[in-house]
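In what follows, a single structure is set out as structure tokens and then discussed.
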């Protein structure tokens, strides 16, 4: 076990906010400072995560309760196999989506947000949650522009408006709001400022 305490930094927000791009940039920055960084994402590439991805094109395959159970099972495996061991080893874990996304997206489908959060109590609390904020329609335009395809069921405007409302209602002390409407470099600047404060970097 490392003498240096590991950290869990998560990136949250509606689709099209630029989370994946910002995680790559932050990982490169932290590694350039000599820090041991692991970048991960949810849903994972594990068996449960792959089943979740299949739902992006056909959500009629499972009930909403079964869908939620898949997210929980995928996260439990992620926590046990990667997140907890990495934190114990003193590494910095950057994660693209975590349980706040489950609360927001499944909450938008009608589940009780507090109940979802309670059911995720097995997962370690993030040291920092960077909530990238962008108007829903701007995010949808980014999705179709980058992928060259239509949005899926999780990315419809009405759904994302509900998701955004839930994200904004969350008031945990580890959440920091980031304006994702800025240039990529300016978004990264704001993210680095928050991360430096967390890691007590000069």
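Just so it is clear, glycine is given a Cβ too, placed from its N, Cα and C backbone atoms.
Small disclaimer: the values here were computed from a predicted structure and weren't measured.
As annotated by Swiss-Prot, ATP binding site applies to 13, 14, 15, 16, 17, 18, 19, 20.
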Cβ atoms near residue 13 (ATP binding site) (within 10 Å, other residues, all chains): 27
Cβ packing number for residue 19 (ATP binding site), 10 Å threshold: 25
Which of 16, 18, all binding-site residues, has a Cβ with the fewest other Cβ atoms inside 10 Å: 18
